Amino acid sequence: MAWRGYFVKWTKTECINSVSTVSRGSRFNLHPQQRCGFRKEARKPETWKRDRGIPEETGPPPSEAADAMVSRKAVPPKTGPPPPGAAPRRTGKLFKPFMFTIGFTGCSFGAAAILQYESLKSRVKTAKDEAEQEKSGKASQDMTYWHNWWNQLTDFQKQVILLMSFVDDFWSSLTEGQQMATGIIAVNAVVLCCWRIPSMQRSMVKYFTANPASKTRCLPMLLSTFSHYSIIHMAANMYVLWTFSSSIVSLLGKEQFLAVYLSAGVISTMVSYVCKTSTGRLHPSLGASGAIMTVLAAVCTKMPEAKLGIIFLPMVSFTAGNALKAIVAMDAAGLIMGWRLFDHAAHLGGALFGVWYVAYGHKLMWRKREPLVKAWHSMRSQAPGGRGRSGGSGGDGGRPGPV
């Protein structure tokens with residue numbers, strides 16, 4: 001059986017060598033028809049020339065011609081990234097993100113104005129209902145009803161209700177700014193947990209990281225604002241948000257703050273897109289740092305003499321105005337020198353948007369919402385079950401805005 005195995009091995013080797021020789025000696029040309037799904041029939045060898053004694057065209061041996069063609073085709077085209085000095089300016093890809101930024105910002109402030117109108121209307125209605133109950137004497141009857149209902153509950157149900165009451169009291173003890181910050185922190189925590197699920201990695205990279213080179217560029221501009229891959233990164237951003245939430249909400253109101261926060265995330269990402277495209281450094285980024293910088297810049301611009309400190313260095317204090325100048329200078333230096341530790345373009349864009357909004361944006365955008373609120377009030381009044389002009393026209397609700 002040993003000779004048989006040697007013979008089979010020898011025949012296979014000879015067949016392989018012959019096939020490789022034929023493949024090297026033959027030439028395969030692509031035709032334009034193959035792009036459309038058609039293939040031209042292979043040409044037969046011209047044997048009639050040899051039969052009639054006509055000399056064939058001289059040329060290099062088939063093997064040398066094949067080697068030359070392979071050597072020419074072996075050099076792949078240059079598909080790598082171009083040098084930084086010759087980076088292509090793909091500004092056409094920024095048109096949709098730019099329009100998305102404008103449209104989302106306008107819709108955010110419009111929805112915030114309508115939400116403030118509905119909130120004020122609900123408060124007025126609640127106050128009227130409480131006044132009517134006090135006049136009619138229904139409050140004592142309601143207390144008797146709830147007392148009898150409480151006595152019919154089991155001990156476990158009473159413990160659950162007491163726990164819910166404790167949570168409600170804790171929530172009521174928070175300021176409106178802390179309540180808004182708590183909701184934002186909860187959303188960021190959910191997204192952080194989604195990053196830990198292996199089956200969601202592809203979707204998270206696609207929709208929760210902002211990259212101008214990606215096919216999906218508009219939606220991640222908003223979703224990446226709530227996306228953190230590192231727990232330390234999220235803890236640092238949310239600590240700053242919690243610290244300045246009460247101040248910013250007391251200045252703007254919760255509805256206007258929500259519009260500014262969401263718009264700041266999109267605008268800072270748009271600034272990052274522009275810088276990445278102009279420099280050719282197309283890498284993904286994520287985090288709420290751009291929106292946090294807007295909140296920080298707005299508070300520091302409105303209250304520049306406020307004293308700030310560092311959590312690990314309580315003995316060191318500085319004014320809010322100096323802190324904002326130092327942060328802007330650091331981000332500007334990082335953007336010029338090409339530091340890649342943070343997305344300095346997004347930080348700088350968020351800070352500039354916060355300064356601009358407190359100085360000019362509030363007058364240009366929020367104070368001119370009255371036509372929209374009146375149109376919404378007219379539409380609500382004409383709807384079935386409308387109550388005419390009850391609830392007011394949706395003013396500031398007693399909240400002072402920056403001037």
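Backbone N, Cα and C atoms are what each Cβ position is placed from, and that goes for glycine too.
Here TrEMBL flags 38-55 as compositional bias 'Basic and acidic residues'. Residues annotated as compositional bias 'Gly residues' in TrEMBL: 385-403. Taken from TrEMBL, the feature domain 'Peptidase S54 rhomboid' applies to 221-362. According to TrEMBL, the region 'Disordered' annotation covers 37-90, 380-403. TrEMBL lists 98-117, 180-198, 219-244, 256-274, 310-329, 341-359 with the feature transmembrane segment.
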Model confidence over the domain 'Peptidase S54 rhomboid' (221-362) (mean pLDDT, whole number)
89
What residues in the same chain, six or more past the boundaries of the transmembrane segment (256-274), come closer than 8 Å to it by Cβ-Cβ distance?
94, 97-98, 100-101, 104-105, 108-109, 111-112, 116, 177, 180, 184, 210, 212, 217, 220-222, 224-225, 248-249, 285, 288-291, 293-295, 298, 343, 345-350, 353-354, 357, 366, 401
May I ask whether the transmembrane segment (98-117) has at least three C-beta pairs under 8 Å with the transmembrane segment (180-198), counting pairs 6 or more apart in sequence?
no
Under the DSSP assignment, what numbers of helix, strand and coil residues are found in the domain 'Peptidase S54 rhomboid' (221-362)?
105 helix, 12 strand, 25 coil
